[in-house]
Amino acid sequence: MLQSLAGSSCVRLVEQHRSAWCFALLVLGYLLYLVFGAVVFSSVELPYEDLLRQELGKLKQRFLEEHACLSEQQLEQFLMRVLEASNYGVSVLSNASGNWNWDFTSSLFFASTVLSTTGYGHTVPLSDGGKAFCIIYSVIGIPFTLLFLTAVVQRIIVYVTRRPVLYFHIRWGFSKQVVAIIHAIVLGFITVSCFFLIPAAIFSVLEDDWNFLESFYFCFISLSTIGLGDYVPGEGYNQKFRELYKIGITCYLLLGLIAMLVVLETFCELHELKKFRKLFYVKKDKEEDQVNIMEHDQLSFSSISDQAASMKDDQKANEPFVASQSPTSNDSSLNN
């Protein structure tokens, strides 16, 4: 008997605080996922970093042995200056000296990466004025970009998602949930093909040092707005039609970002995902909502009654042929 009561009380406790338990599990799962990613990245990349460090150390030692007139301190000062310039997108290599980072097309590409929060980091402002303008430009431009993308996606999704689903649901009588799931899968496959697979194949041809995996990696990192900056197109030596190529990449990033948002919005409108998201949200108290509604209704009713009374008084005052009678005059008329 006591065990059954304890079990029922535990069940009621869990049901009453179901949203809090789900949120706690969500936080725990997210932290575990972060730790899992750190463990995998560390185990995979740490050996390659160690090999690269050993290789650089050997090259440095060999260079100092072959150039005895150069001290290690002088070499390190030179390398520090070269690395500092490389962080600002300026290279001392002869095959990269012809590419300017701040011509119009490169600046247009940089502006698009700033406003879309991709931020490759291969080119950054050098001057204090450029850094200050970048701050002001981003503060205004990023919300403007979000507003622009939201408006564009809101219009596109009507014709791409909602109307096709309603058409198959009404015209053919299929279940709306089933049609929405199939439509989301098909739309996701088309988006992956048009903005990931096909562009990756094109980039692997146009970029000499990229294979298909690296090109697909660039497409994903760019359209997901991660923007690591380890692969940036159009930066190779003697890139043909570099200006036109940069403009094309800018258009690709904007269109791809819109397509990604349309797909995400399509999946977010699925009934199953809506139910899943509600597990982690705070539920509103119905009694509080009813009290607020009643108070709002009472306030609105009293304000309406007050307005009606005032309007009647105004009408009486404005009537031209009605004379206001005082109580004393009424009493005198009754006495007569």
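Here, residue 1 is simply the first one shown, and the rest follow in order.
Including glycine, each Cβ sits where the backbone N, Cα and C put it.
What TrEMBL says about a protein is an automatic prediction, not a curated fact.
Copied over from TrEMBL:
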TRANSMEM  21-44  transmembrane segment
DOMAIN    94-156  domain 'Potassium channel'
CARBOHYD  N95  N-linked glycosylation site
TRANSMEM  135-157  transmembrane segment
TRANSMEM  178-203  transmembrane segment
DOMAIN    192-268  domain 'Potassium channel'
TRANSMEM  215-232  transmembrane segment
TRANSMEM  244-264  transmembrane segment
REGION    306-336  region 'Disordered'
COMPBIAS  323-336  compositional bias 'Polar residues'
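Per-residue pLDDT, averaged across the domain 'Potassium channel' (94-156), gives 86. Long-range contacts of the transmembrane segment (178-203) within the same chain, counting only residues at least 6 positions beyond its ends with a Cβ under 8 Å from a Cβ of the stretch, are 160-161, 164-165, 168-169, 210, 212, 215-216, 218-220, 223, 233, 252, 255-256, 259-260, 262-263, 266-267, 269-272. With helix defined as DSSP H, G or I and strand as E or B, the domain 'Potassium channel' (192-268) counts 54 helix, 0 strand, 23 coil. With helix defined as DSSP H, G or I and strand as E or B, the domain 'Potassium channel' (94-156) counts 44 helix, 0 strand, 19 coil.
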